[in-house]
Each structure stands twice: as structure tokens, then as C-alpha cells.
Amino acid sequence: MPFVAAIDQGTTSSRCIVFDSDSRIVAIDQREHRQIFPRPGWVEHDASEIWERVQQVVTGALAKAGLRPDELSAVGITNQRETTVLWDRATGRPVHNAIVWQDTRTDVLCAELGRHRFQAETGLPLASYFSGPKIRWLLDHVPGLRERAERGELMFGTMDTWLIWNLTGGAAHVTDVTNAGRTSLMNLATLGWDPKILAALGVPESVLPEIRSSAEHYGTATGVLEGVPIAAALGDQHAALLGQTCFDPGEAKSTYGTGAFLLLNTGKEIVRSSHGLLTTLGYQFGGEPPVYALEGSIANTGSLTQWLRDKMGLIATAAEVETLALSVEDSGGLYFVPAFSGLFAPHWSPDARGVLVGMTGYAGKGHLARAVLESTAWQTREVVDAMLLDVAGLSAGMPLRSLRVDGGMTANNLLMQTIADVLDVPVERPFVAETTCLGAAHAAGLVTGVWPDLDALRAEWRRAAEWTPRMDAATRSRHQRKWAKAVERAKGWLDADDLEEEDS
Ligand SMILES: Nc1ncnc2c1ncn2[C@@H]1O[C@H](COP(=O)(O)OP(=O)(O)O)[C@@H](O)[C@H]1O
Ligand SMILES: O=P(O)(O)OC[C@H](O)CO
């Protein structure tokens with residue numbers, strides 16, 4: 001029986017899953033890496049540590065599966081997107097910590113360049129979230145880097161590129177369209193680096209990888225995966241779209257990990273959002289035309305559970321957030337807007353910061369836990385509302401008769417019920433909740449012939465759990481009004497001098 005491995009290099013951890021040809025999980029191994037917070041608003045990772053963890057989880061998963069690398073048909077890579085690594089071409093060593101997607105240090109730069117300047121080309125507002133401004137920051141602020149880049153000594157990559165380069169022993173410097181589309185440097189229509197944007201941002205083309213499709217042969221692995229074809233690369237949200245088998249226009253999924261990301265397949269059409277969503281690549285298989293998507297990105301969801309655990313000390317494990325929230329009946333009038341990295345979709349307010357409102361002496365830690373979980377549901381609602389407005393009248397049609405969900409937070413029943421209540425549609429979780437890895441494995445397995453076509457994959461999607469709405473309309477609109485008021489209180493918190501301090 002052929003096996004396929006997927007490596008998911010996420011924001012908080014890396015995992016490797018081995019699937020069999022019936023898409024069943026044979027083995028899984030996972031390891032966390034450090035979150036480095038050098039200043040308020042800054043978030044970094046050590047790319048060498050991540051490469052170590054990836055090798056460990058690959059070795060771990062193969063050992064648990066009792067398989068040798070030569071028994072794998074292929075490996076697919078999926079990854080946290082936008083996080084930016086620069087490394088030395090000769091030594092292969094990173095020249096700085098990776099700047100993580102949540103990091104806000106480039107806000108001032110983006111405002112100076114103009115937030116909507118390249119939106120027509122890239123489908124994205126210019127925001128600190130994306131890789132291009134992060135590259136520019138590194139070249140401007142780390143002594144000697146710009147000169148080294150101009151001399152062709154440096155390489156840039158998001159995590160897909162960094163891993164493929166390391167897995168191939170430095171043979172392949174490539175990325176795929178879904179990852180390249182998140183740099184703010186790629187033109188959505190041509191699928192190539194846009195020279196005008198490179199010039200405006202001051203990014204030399206010599207540092208950039210070659211842009212390829214999401215499913216093709218990029219190279220053969222050495223080391224821990226000796227001899228295995230690397231046959232897929234996708235940003236994690238795009239892989240989850242595949243793993244949830246959202247192959248048709250109008251199909252949507254939402255993934256709840258560190259952040260939450262709702263993607264709607266819009267088919268071959270590039271749909272421009274007028275309501276604060278991103279236009280992004282869904283995926284591209286080999287030489288076929290690309291499939292596009294609309295995305296609602298929410299910066300902080302699961303990260304809040306970690307914050308309650310690691311910074312506030314209110315819980316000892318992630319699962320305990322649900323127990324704590326269930327110790328009370330409701331949030332006691334509390335609303336928590338987690339604008340830790342400003343607010344992403346649909347607001348794109350870099351000057352917002354987190355607020356907790358509605359405090360009285362009655363409020364306790366159970367109420368806080370509940371308000372924190374509810375913030376994920378309300379942020380989802382905002383994104384869904386924006387999406388409905390964007391697609392009204394389009395062939396993609398009405399996106400939401402139900403919402404397919406996945407990611408670490410879907411273990412939380414209270415949260416899933418709250419999302420169903422707040423959206424007023426059923427929420428469905430598939431049998432294989434590891435849809436990100438599944439999507440990457442499927443894309444790789446399509447290339448090497450483990451699965452014949454998309455219909456074979458679609459037939460394998462099975463619902464494991466469903467939550468149906470239970471909240472009455474009046475209660476929902478009362479909470480929605482309060483949530484909207486709370487969001488307004490989070491916006492505009494930072495002043496110009498605060499932003500400049502973060503940038504320097
Ligand atoms: N039961 C739970 N309730 C709420 N949050 C959870 C729960 N279990 C895990 N999480 C959160 O989900 C995230 C992990 O999900 P995962 O999909 O692995 O994320 P990522 O791919 O972003 O690293 C962490 O931020 C963790 O705090
Ligand atoms: O690692 P995740 O699952 O939090 O996903 C991160 C996103 O890709 C950021 O855009």
C-alpha cells in the first residue's frame with residue numbers, strides 16, 4: 001500500500017503525519033518551537049530550531065508508522081504563511097530570526113508606502129502581515145544585509161521554501177503560488193514577481209525563489225526523507241481548503257489554529273473584495289489554471305488560549321479553557337477584542353490594540369475565559385458578513401449553508417457551539433480533523449498517482465461532528481451590537497509615536 005507524508009510547519013508547532021492511500025492517519029508526530037517576543041508587537045521564530053523540529057517529527061512519525069523513507073510515495077509540505085526567513089546562500093544559516101506573520105513592526109512602513117497602493121496587483125492591502133515589508137525591514141535594519149543581498153549572497157523564503165531548500169540539501173530554491181501570493185510581491189494575474197512592486201519596496205529579485213504550482217515535483221529529499229519526491233507545497237490555509245475538499249466555487253472552510261482563516265473557493269475568477277477580505281490563490285495543480293479564493297484572516301484565536309495559559313496563568317493546558325468557561329453560564333457582560341496584532345479582516349486596523357470591556361466587580365476568570373472564546377465566534381461572524389456582501393450576485397453564489405471547520409481549536413465543543421449560534425448555520429467537523437496535512441498529502445499523492453482525481457478525494461470526506469444553532473435571533477443581535485461597540489473601542493488605540501517606536 002502506498003503511503004504519503006505531510007509536513008505541517010505551523011506557527012506554534014511542526015508536525016508530520018503519514019497517511020495511507022485510504023487517507024487514514026497511520027502516524028503523527030508533533031513538536032513545539034519557541035515563540036520569541038523581543039518587544040511589544042514583535043514576534044520571531046528561530047528558523048534553525050524549526051528545521052531541527054521538522055527533522056525530529058519526520059523521524060518520529062516514520063518510526064511510529066514503522067516505515068522507511070523509501071516506502072513513501074511522496075511528501076507534501078504545508079506551512080504557516082508570510083513568516084519571513086533570510087539566509088546566507090553559502091552557509092545555509094539564517095542571518096536573523098524569522099519575522100512571524102503576526103509581527104507588527106512594519107506598520108509605519110506600510111502606511112508610508114500606501115495601504116492600497118498594490119492592492120489591484122496583489123489582492124492584498126499593504127500590511128505588516130505580509131512578507132514583502134518584512135524583507136524590506138530586515139534589509140534596512142540589519143547592518144550589512146542590503147549589501148549582501150545586492151551581491152546575491154542572500155536567499156529569502158517563507159517556511160515552504162526554507163524547508164524544501166533544506167530537504168533538498170540546497171538544490172531547490174522554490175515556492176508555490178499560494179505562498180508567493182502572500183508576500184505582497186506577486187502579481188495575482190501573471191503569477192510572477194511584480195517588478196514594479198519589487199522596485200517600490202526595495203527588494204532585489206536575486207533573493208526571491210522561483211514561483212511554481214502547488215503540486216508538482218520540486219526535487220528529491222535527502223537526509224531524513226532520503227529519496228522521497230517532494231511533490232506539493234501549499235500555505236496551510238490553502239492545504240486545508242483542499243483537505244476539506246472545497247474544490248467547487250462557493251465552498252468554504254474555516255481553520256482555527258493560532259489565528260483563524262476562512263477561505264471561500266471562487267473558482268477561476270479573481271474576485272476583488274470591497275469589504276475588507278483578501279483575494280488569494282486557492283491552489284494550482286501543475287500546469288492547470290489556478291483556482292482563486294477570498295479569505296477572511298483573523299490574527300488571534302488559539303493564541304489567546306496560549307496567552308491565558310502562558311502569560312495569565314489561568315489554565316494549565318489548552319483544553320482547560322473550555323472547563324473554565326463552562327464554570328459560568330455566560331460572559332457576565334464581558335467582551336474581549338483580541339487586537340494583539342491590530343485587527344486583520346475585515347477591519348485592517350493596525351492601530352487597534354486589545355480591549356476587555358463591560359467589566360464589573362461580578363466578573364471572574366470564568367467570564368474572561370468565556371469572553372475570550374466568544375471573541376473567536378464574533379470575529380468569524382464579521383468575516384462571514386463581509387464575504388456574503390462580496391459574493392452577492394456572483395457565480396460563486398451563497399457560500400454558507402454550513403461551515404466546515406478544522407484546526408486545534410475545534411476540539412473545543414463550547415467554542416464550536418458558540419460559532420454555530422453566532423453564525424446561525426450548522427458547523428461541521430470532518431472525521432480527519434488534520435485537514436491541513438491531509439490537503440498537502442492529497443496534493444502530493446495526486447502528483448505521484450496515489451489518488452486518481454479530485455472525485456476520489458471528495459468521496460473520502462466524512463462528517464464526524466455537527467453543531468446546530470441554538471441561539472434566538474434577538475439574543476444574537478443584542479450581542480452583535482455589543483461586539484461592534486467593543487471593536488470600536490479597540491480601534492485607534494495606538495498613536496503615531498507608538499507606531500514609530502515599534503518600527504525603530
Ligand atoms: N481545546 C482548546 N480550546 C481552545 N484552544 C485550543 C484548544 N486546543 C488547542 N487550542 C489552541 O489551538 C492552537 C493549536 O492549533 P493548531 O491547529 O495546532 O495551530 P497552529 O497550526 O496555528 O500551530 C493553539 O493556539 C492552542 O492554544
Ligand atoms: O500556523 P497557523 O495554522 O496559525 O496559520 C498561520 C497562517 O498561515 C498565517 O497566515
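In case you wondered, yes, glycine gets a Cβ from its N, Cα and C as well.
Annotated features, as they stand in TrEMBL:
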type: BINDING; residues: Thr11, Arg81, Glu82, Tyr129, Asp236; note: sn-glycerol 3-phosphate binding site
type: BINDING; residues: Thr11, Arg15, Thr258, Gly302, Gly408, Asn412; note: ADP binding site
type: BINDING; residues: Thr11, Thr12, Ser13, Thr258, Gly302, Gln306, Gly408; note: ATP binding site
type: BINDING; residues: Arg81, Glu82, Tyr129, Asp236, Gln237; note: glycerol binding site
type: DOMAIN; residues: 5-243; note: domain 'Carbohydrate kinase FGGY N-terminal'
type: DOMAIN; residues: 253-445; note: domain 'Carbohydrate kinase FGGY C-terminal'
The rounded CA-CA distance in Å from Tyr129 (sn-glycerol 3-phosphate binding site) to Asn412 (ADP binding site) is 27
Per the 10 Å Cα distance test against Ser13 (ATP binding site), the binding-site residues Arg81, Glu82, Gln237, Gly408 reduce to none
For ligand 2, the binding-site residues of Thr11, Arg81, Gln306 whose CB is under 6 Å from one of its atoms are Thr11, Arg81
What remains of the binding-site residues Gln237, Gln306, Gly408, Asn412 once a 10 Å Cα-Cα cut-off to Thr11 (sn-glycerol 3-phosphate binding site) is applied is none
The sparsest Cβ environment within 10 Å, among the binding-site residues Gly302, Gly408, is found at Gly408
Longest inter-residue Cα distance for the ADP binders Thr11, Arg15, Thr258, Gly302, Gly408, Asn412, rounded to the nearest angstrom, is 20
Rounding to whole Å, the Cα atoms of Gln237 (glycerol binding site) and Arg81 (sn-glycerol 3-phosphate binding site) are apart by 8
For Glu82 (sn-glycerol 3-phosphate binding site), the same-chain residues 6+ apart in sequence with C-beta under 8 angstroms from its C-beta are Trp101, Tyr129, Phe130, Ser131, Lys134, Thr158, Arg182, Thr183
